[in-house]
Amino acid sequence: MLRNYFKIAFRNLLRNKGFSFINISGLAMGMASAILILMWIQHEFSYDKFHEKKDRIYQMWNRSVFDGKLQSWDFTPKVLGKTLKQEMPDIQEVSRVEIRSPFLLIVGDNKLRVPGGFVDPGFLTMFSFPVLKGDAKTALNNVYSIVITEKLAKSLFNDDNPIGKTIRIENKDNFIVTGLVKSPPTNSRFQFEYLLPWAYLTKIGWDDDYWGNNSTNTFIELKPHVNAEAFSTKVKDFTIKHSKGQEQNELFLHPLTKLRLYTQFEGKIAGGRIDLVKIFGLLAVFILVIACINFMNLSTARSEKRAKEVGIRKVVGAEKSTLIGQFLGESIMLAFIAGVFALALVQFFLPLFNSITDKQLTVQYTDIRFWIFLVSFILFTGVLAGSYPAFYLSAFQPVRVLKGVLKAAHTSFSPRKVLVVIQFAIAIVLIISTLFIKKQILFSQDRETGYSKDNLIYHFLTEDLVKKYPLIKNELLNSGAAVSVCKTSAPITEGWSNSWGFEWKGKDPKSKIIFNRFCVDDDLTKTIGLTITQGRDINLKEFPTDSTACLLSESAVRIMGFKDPIGQIVKDNSIDWHVVGVIKDFVLQSPFENTQPMVIEGAKGWFNVIHIKLNNANSTAQNIKTAEQIFKKYNFQFPFEYQFIDQEYAKKFNDAERTSKLISLFAALTIIISCMGLFGLATYMAENRIKEIGVRKVLGASVINITALLSKDFLKLIVIAILIASPIAYWAMSKWLQTFSYHINMQWWIFIASGILSILIAFSTVSYQAIKAAMANPVKSLRTE
Amino acid sequence: MIKISNLEKIYRTEDVETVALNKVSFDVKEGEFVAIMGPSGCGKSTLLNILGLLDDPDGGSFVFAGQEVAHYNERKRAGLRKQHIGFVFQSFNLIDELTVYENVELPLLYLKVGADERKKRVEEVLEKMQIMHRKNHFPQQLSGGQQQRVAVARAVVNRPRLILADEPTGNLDSINGNEVMQMLTELNDAGTTVIMVTHSEHDARYSHRIVRMLDGQVVLENVMI
């Protein structure tokens, strides 16, 4: 019996090549897209699930109310980790993790700057990064020990055994390699090439015992059978207690396995990246459903051709259930063929998908679970696509179909029309969303940053650069490569420090508004191009007391309530900073968010970065070459590693652009798949109405009349789809836009443009068939009857 | 073998009610060859569909092989159909995607007959219908007469007790028509009951008895001598 089914299915496939092509390619595209998205989702869910003790590891988080809003964040005081370990017997192990600014590693002439950082010795026993050489328990016990990954070992020592070898760091201290670990997999939040002991951080004076300095991540491993919730309650007031009430941050535990996807809290876990995962999950379902709808529509549209077969089979004894089985079998077979093509498409498009998503996903051909997934997925698709046609076709009455009573009913409501409306409604929602996302990104990109990004570069300060800074600055200016130079605490594109601890005259003692903190020596406005609206820039040459001067942003002045801000004192870190000027707000962090109030402190602050405004009179290449020579002269052990501010700023849009690209890609796919279905339907419609068209033509209808007649029915459906999609897209987009403080307003032209676009696309899809049918010779079509 | 009494069938649309069968009663004995005649729309095809368990009556009784089947559900009807009844249609109704052999094999597949037995029976019946040489052809590659022979082969391959033929010669020329009638007669001679709907007095003469219908009722029964 199965052979008989297969024979019929195959012969049908071959006989109706156009139909088969549309069905298989549509399903293959839909399945390939869904598989890619599912692979992406699976990767997102797999983050840090490979650690053996994953269920006992938690990150310590803070929460506190600022400006009336409960905020949660994962930076904790450096002192927290060691104090917890000392005082809480429920804790098995603790590690602070500080993987950020990379050091320069030197082995002979080999100099490398790769990601790495500081951890406590317990890190290697808490987390499951396989230690290939060395002892996980003791590898980081010595202050000058270093653990490196296989990849780094290969770069520094080729295939030699790295254990016991020396690596010089920042041209300052020598470290002995005490451990070799496997490189962290891509689905880990810890991406490092080397690990240094926390003790070294303490040694170079970067550690502190200040409960108000939330500056590091703290991970704990609970002992087996310790209840995390009960423990969370126990440590809730830990910071408050230890800071003797000076800090009001509550501590709570956040499971390691949820760190990737859940980062927003409203009393409990409220969201985070999981929202994006859900959106993409929905997208996968949509695309698959759209592809399946094509199958359903084309199968049922062709039902007149299959009806006779159903009738005969019933006459010779087939039961309805057998026929359902047969048709489901056919759709599953088709899904299998499509599945093979889908797998080829996945393989072909994976590099592109990886580059858009910034992942390194691979198809796990050798993993049995992948094949189980694939087969189940194909079966699911086959059943999803085939169920409606199977029930529809198997329900035919043999008496009626064998008499040829069954005719396509031109009713105002039919499941096929509903399905077309669903397809296009989804596609239109995606078109509207794509346009909104693109517009929002453009809007933020066009946003006035408040400073001049052109020809502006920065370089991180090394110890030598700090010492030789005045000489370097002078030489850069004298060489004509730079027009202005300044030292700052962070790149102008990043906010590294903030606080609610600033004090000023008239401050409400209960106020906990967060201000960004930024430091500069002088020449800030000249170098960065900020605008002074009141007072003047910090100027150490003319005003030596400006080492304790500060600038306020306009929003800071507003919040502090200064009528005349110049000369006011703002206290921070036990220093009285006197306000010498006010600057216009500028974008320091996210271009999608409103600017935060900001205090820019003078030369008494701390410095990590040098900003250089290159001279427009020379070519950039020439300026860079000159600057490199000067840096090499004073900082000869280190490479000249500069960054262009405009490029760094552009990176802020990477995530949004990635999402935008993906959504556009999938929107285009849904349109293509939907149009393929529409084309198929139009073909069958034209075939079915061939006699009617002939009669109309004989009676005097023109080609335009007939084309309009045939296209009208479909365009009506598209208009309904637009009416359904618009409010859904409006709701979704207004929700999405609300997640940005700096966002565009609802723009009606996007809805209208999307509507017109979908009508045009649909019209061009059906018009080919409509015109073809309209142009046909009526004598021929009438003779067929 | 068949006993129907007061059989009714009414077709209803929104505005119109059409009585297709109005209290029809008659019997058919095992081994009989009965022709049903009457003008178009008199209800003969409706009657044949009910007799073939393709349609159910709205009233009356239908006893088939000793069982009351008037209100059998689709599943039970399908069961009886595949066991005991073979159909021959005016328009042949072969599945275009299947070869001659596969079309004839179909009823045996639904009866779950084993592969060897199936092969034997299909070939046997194809030989008998003299269509063996065309077994790998598709229906569109055959003449009308050949297609009807395939349809007859398919109708008899499951060795039914009853063959229902709905104007079996309607689409055939007289030579092919006669051949088909000859086949039906031979089957009947071998013991199979045949009920045939026809417009043709010529064909009806092959039967033992003619049942004449008008407006959903049996108006006359002629026994052929």
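Keep in mind that glycine also has a Cβ here, set from the backbone N, Cα and C atoms.
TrEMBL lists A:20-237 with the feature domain 'MacB-like periplasmic core'.
Over the domain 'ABC3 transporter permease C-terminal' (A:282-394), the average per-residue pLDDT in this prediction is 89. The feature domain 'ABC3 transporter permease C-terminal' is assigned by TrEMBL to A:282-394 (among others).
According to TrEMBL, the feature domain 'ABC3 transporter permease C-terminal' maps to A:665-778 (among others). The helix, strand and coil residue counts that DSSP assigns across the domain 'ABC3 transporter permease C-terminal' (A:665-778) are 97 helix, 0 strand, 17 coil.
Among the features that TrEMBL reports, transmembrane segment is placed at A:21-41 (among others).
Look at TrEMBL and you will find A:279-298 (among others) tagged as transmembrane segment.
Per TrEMBL, the feature transmembrane segment maps to A:332-350 (among others).
Marked as transmembrane segment by TrEMBL: A:370-396 (among others). Here the transmembrane segment (A:370-396) has Cβ contacts under 8 Å with residues 27, 30-31, 34-35, 38, 288-289, 291-292, 295-296, 299-300, 303, 306-307, 310-311, 314, 320, 323-324, 326-328, 330-336, 338-339, 343, 363-364, 406, 415 of the same chain, all six or more residues outside its ends.
Tertiary proximity for the transmembrane segment (A:417-437) is limited to same-chain residues at least six positions away from its ends with a CB under 8 Å from its CB atoms, namely 283, 286, 289-290, 293-294, 296-297, 656, 659-660, 663-664, 666-667, 670-671, 674, 677-678, 681, 714, 717-718, 720-722, 724-726, 728-729, 732-733, 736-737, 744, 747, 750-751, 753-755, 757-758, 762. Among the features that TrEMBL reports, transmembrane segment is placed at A:417-437 (among others).
The transmembrane segment annotation in TrEMBL covers A:662-686 (among others). If you look at the transmembrane segment (A:662-686), the same-chain residues 6 or more away from its ends with a CB under 8 A from one of its CBs are 18-19, 22-23, 25-26, 29-30, 33, 37, 280, 283, 286-287, 290-291, 293-294, 297-298, 301-302, 356-357, 416, 420, 423-424, 426-427, 430-431, 433-434, 437-438, 693, 710, 713-714, 758, 761-762, 765-766, 768-770, 772-773.
According to TrEMBL, the transmembrane segment annotation covers A:714-733 (among others).
Among the features that TrEMBL reports, transmembrane segment is placed at A:748-771 (among others).
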Spatial neighbours of the transmembrane segment (A:279-298) not adjacent in sequence (6+ beyond its ends, CB under 8 Å) are 19, 22-23, 26-27, 29-31, 33-34, 37-38, 40-41, 331, 334, 381, 384-386, 388-389, 416, 419-420, 422-423, 426-427, 430, 662-663, 666, 669-670, 673-674, 676-677, 680-681, 684
The answer for the transmembrane segment (A:714-733), taking Cβ pairs under 8 Å and residues 6+ beyond its ends, is 417, 420-429, 432-433, 436, 678, 681-682, 746, 751, 754-755, 758-759, 762-763, 766
Beyond a gap of at least 6 residues from its ends, the CB atoms lying under 8 Å from the transmembrane segment (A:332-350) belong to 6, 9, 13, 20, 23-25, 27-29, 31-32, 35-36, 39, 295, 361-363, 374, 377-379, 381-383, 385-386
For the domain 'ABC3 transporter permease C-terminal' (A:282-394), the DSSP residue counts stand at 98 helix, 0 strand, 15 coil
